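J.: Found this in TrEMBL, in case it helps:
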type	residues	note
BINDING	C372, C375, C378, C421	[4Fe-4S] cluster 1 binding site
BINDING	C382, C411, C414, C417	[4Fe-4S] cluster 2 binding site
COMPBIAS	450-474	compositional bias 'Basic and acidic residues'
COMPBIAS	480-493	compositional bias 'Low complexity'
DOMAIN	363-392	domain '4Fe-4S ferredoxin-type'
DOMAIN	402-431	domain '4Fe-4S ferredoxin-type'
REGION	450-500	region 'Disordered'
Amino acid sequence: MLGLFWEFHGGVRLNRHKELSSEQPLAVAPIPKQLIYPLQQRGGRNAEPLVAVGDTVLKGQVIAQDSHPLSAPIHAASSGVVTAIESRAIPHPSGLDDVCIVIDTDGEDRAVRFRSLKDFRRSKVPTLRQRIQDAGIVGMGGAAFPTSAKLNTGGRAIDLLVLNGAECEPYITCDDCLLRSWPERVLGGAAILMRVIGVERCIVAVEADMPEAAKALEAVRIRDGYEHVEIVKVPSKYPTGGEKQLIQVLTGREVPVRGIPADVGVVCQNVGTAAAVYAAVTEGKPLIERIVTVTGPGIAQPQNVLARIGTPIAELTAFCGGYTPQAQRLVMGGPMMGLALPSDELPVIKSTNCILVADLAAMGGEKQPMPCIRCGACAEACPVNLVPQQLYWHSRTDQLKKAQNYNLFDCIECGCCDYVCPSQIPLVQYFRAAKGRILAKQGEQRKAEHARLRFEARQNRKEQEKREKAEAMARKKAALEQAQAAAAATASAPTDKEQS
Ligand code: SF4
Ligand code: SF4
């Protein structure tokens, strides 16, 4: 299970705090009073509401959908009544509000009929793909990109499926918990995904310090005869769990900077995604729940919780004993790459792997930035070979073109550079802000270009109309002149009388 690994450049060793949540058994959260569904689920395109205020809905019912391939349907996680479809704050990096469907649950948990498909080995591949699409499955490692779209590899030759269970953020243990609790679902999902992609080899990667997860997987692998699946323990270095870094560690293949894993013959899915695929295919169950790690010094009973998607975070933290006096920050995800949340009224979405209730120390302490001393430590730590100090300089001085020339948009915002910087410069903050300014500018330029094209089209249309009008006038005039000439000719011709 441990073997030869390839190294990726950079990365850091982080202090781990996984014991906070990993030592408790998986808990099941009760039905919340309210479920909230942002139509924007972080990745992919927004879905369109299929319900109206006042509608009664059942558990598993599709409440929002769009026909675009980059959109995943959204399903109600319990029965109740739609009480609002309105703009609210959502857990999204944009920080902008978006439309949410709000359901007041009735506590009865009445469900639609889930159609199971027991023997997936005999099912046709298009049927399996359709099931994955209909179940609204997205990447559950954080990106939330629709899985059915990711399985479409555009005709590239694929020879390997990688299931990513390498949780490298220091507080998150939901994948570890999933692998220990339901290894058969993960390996069942692997078998379905292998069939859909058409590959004969799969690696399930777990971190070296997840021995129980590896053991549980290995036992099922042998028991159920998954001979084409390897369970591999990868070294605990951050960010090994990044898709591109993991593929490099496992195979030595380097995914091109702006490429995707399929470019090097690999499809990579999170282990949670594989388990969701298994449930969708064998039970007909859409993605309506997931395991969430609720942890950090600010929560009374850190643990992993099976929560319904749409559950307000406040209900989840209350279920975990409420906040402690240390609670200072609320983060969705881990301290390195997580999203700071403005309030606990926001809901769990499909990509919510962790709710971290942090104190300042958990977030790296209060920073007192000092001038850059050009030590180069940030460049050594950068897993995508960028030069963060240069990016920092250009971002700080608003030289956005130069920042782009230094490949600002290749930055995965992993925070390794921040972590090692002796001058405590919040580098990622600068990079995010610079990206935001560039995107805003590009948006403005696109708008201006759009307006220019519209103006030109209107001018052309006007010119054309003018030309057509002039041509019509000319034709009319010519016809009139012709008619007049004919009339004159008739008038001047001698009559029969005159001739006689
Ligand atoms: S690690 Fe910090 S101080 Fe050192 S070069 Fe990078 S930005 Fe400058
Ligand atoms: S945050 Fe960006 S620049 Fe910094 S180490 Fe990560 S990828 Fe490199």
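Yeah, the Cβs are placed from backbone N, Cα and C, and that goes for glycine too.
Give me the structural setting of these features: burial, nearby parts and distances.
T.: Within 10 Å of the C-beta of C421 ([4Fe-4S] cluster 1 binding site) we count 23 further C-beta atoms, all protein chains included.
Note: C417 ([4Fe-4S] cluster 2 binding site) has non-local neighbours C378, A379, A381, C382, P388, L427, V428, i.e. same-chain residues 6+ apart with C-beta under 8 A of its own C-beta.
With helix defined as DSSP H, G or I and strand as E or B, the compositional bias 'Basic and acidic residues' (450-474) counts 25 helix, 0 strand, 0 coil.
Secondary structure by DSSP for the compositional bias 'Low complexity' (480-493): 13 helix, 0 strand, 1 coil.
Mean pLDDT of the predicted structure over the domain '4Fe-4S ferredoxin-type' (363-392): 93.
Within the chain, the domain '4Fe-4S ferredoxin-type' (402-431) has long-range Cβ neighbours (under 8 A, six or more residues past its boundaries) at 10-12, 14, 238-239, 242, 257-258, 336-337, 364, 367-373, 375, 377-384, 386-388, 390-392, 394-396, 438.
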J.: Of the binding-site residues C382, C411, C414, which ones put their CB under 6 Å from ligand 1?
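T.: Once distances to ligand 1 are taken from each Cβ, none falls under 6 Å.
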J.: I'd like to know which of the binding-site residues C372, C375, C378, C411, C414 has the most other Cβ atoms within 10 Å of its Cβ.
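T.: Per the Cβ count, the most surrounded site is C378.
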J.: DSSP says what for the domain '4Fe-4S ferredoxin-type' (402-431): how many helix, strand, coil residues?
T.: 17 helix, 0 strand, 13 coil
J.: What does DSSP call C372 ([4Fe-4S] cluster 1 binding site) in the simple three-state scheme?
T.: coil
J.: Which of these binding-site residues is closest to C411 ([4Fe-4S] cluster 2 binding site) if you go by CA atoms: C372, C375, C421?
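T.: Smallest Cα separation from C411 ([4Fe-4S] cluster 2 binding site) among C372, C375, C421: C421.
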